[in-house]
Amino acid sequence: MEGKTSLELQNCRAKGGSSGFKVAILGASGGIGQPLSLLMKMNPLVSVLHLYDVANTPGVTSDVSHMDTSAVVRGFLGSQQLENALTGMDLVIIPDGVPRKPGMTRDDLFNINAGIVKTLCEGISKYCPDAIVNIISNPVNSTVPIAAEVFKKAGTYNPKKLLGVTMLDVVRANTFVAEVLGLDPKEVDVPVVGGHAGVTILPLLSQIKPPCSFTSEETAYLTSRIQNGGTEVVEAKAGAGYATLSMAYAAVKFADACLRGLRGDANVIKCAFVPSVVKSHPYFTQLKSTV
Ligand SMILES: NC(=O)C1=CN([C@@H]2O[C@H](COP(=O)(O)OP(=O)(O)OC[C@H]3O[C@@H](n4cnc5c(N)ncnc54)[C@H](O)[C@@H]3O)[C@@H](O)[C@H]2O)C=CC1
Ligand SMILES: O=C([O-])CC(=O)C(=O)O
């Protein structure tokens, strides 16, 4: 190792990195992006982790890269580095954009986040058109259709690879249902379909595994709590934030399912907001095989 600069040493390490998938997180310095970067660095299916943002990626990258797990971490700052951040990626996770404040709906984020997601998806269609794309940025009910239009225009649209992340609704539903039933949440699987905003979030309480039943009061309580889970956190944080930690957990659970699907595992089926066969709703959260 004598005579090598620290950059050369890092490059040696990168070349000798473990086999696995290459994952980019766009918006890696944010409230979701940071814990998501931490958790993805711990995922044994990831060999290379690219952290992209328009702010603070050198610090986040330095911090996360010190973790003694296999994935090689590289940081990218600003739009001039988007090409390098995306080239060769198998999975791109997008938690960039603006989150809402108390009193706002997710739709209030549309004007800013739509433009950001559009620009990033134009980059994806140029630099890693075959990657699976996980969209977290709100309003998911609109950002996923925007991404689809960008990919269609570029001729790179693959409806199987564009997935709106609604896993937090499932994670919340599993937690709240388990509380009512007195079970460990790990034993509960609640399908949640529809969309990712208020009444469009539809927990299928009759389809839970294991089979169970509820009183009408329990059904009303659970439906309302699951539909308003995001608002519950926004109000509890009282202007100082929104769901970031539970979202990062949910995003990693979903990303891991995508990577297992890419690896060829059978029966990896999760809920996601995707192009739909329901004619009146061209996009709909449904149970979907992850590849
Ligand atoms: N799908 C879901 O279930 C959930 C979605 N969200 C959404 O996720 C999004 C991100 O939330 P947070 O991380 O809490 O927000 P945040 O404001 O903490 O972080 C957003 C990050 O995006 C970056 N960013 C801004 N413009 C960018 C651009 N042009 N390119 C790349 N990065 C850019 C910012 O620098 C920042 O680091 C919000 O839209 C929020 O509503 C939040 C919770 C749950
Ligand atoms: O409520 C928000 O704005 C963030 C979000 O989507 C959620 O927590 O489900």
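Residue numbers in this text run from 1 along the chain shown.
Placed from the backbone N, Cα and C atoms, the Cβ positions cover glycine too.
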Which of Asn56, Asn134, Asn138, Asn141 belongs with Arg100, Arg106, Arg172 in the substrate site listed by TrEMBL: Asn138
Candidates Met167, Met247, the one TrEMBL lists with Gly27, Ala28, Ser29, Gly30, Gly31, Ile32, Gly33, Asp53, Asn113, Ile136, Ser137, Asn138 as binding NAD(+): Met247
Rounded Cα-Cα span from Gly31 (NAD(+) binding site) to Arg106 (substrate binding site), Å: 16
Distance, Arg172 (substrate binding site) to Asn113 (NAD(+) binding site) (CA atoms, angstrom): 24
C-alpha spacing of Arg172 (substrate binding site) relative to Gly33 (NAD(+) binding site), in angstrom: 20
Between Met247 (NAD(+) binding site) and Arg172 (substrate binding site), the C-alpha gap once rounded to whole angstrom: 10
Residue with minimal Cβ packing [other Cβ atoms within 10 Å] among the binding-site residues Gly27, Gly31, Gly33: Gly31
Where the C-beta lies under 6 angstroms from ligand 2, the matching binding-site residues among Gly27, Gly33, Asn138, Arg172: Asn138
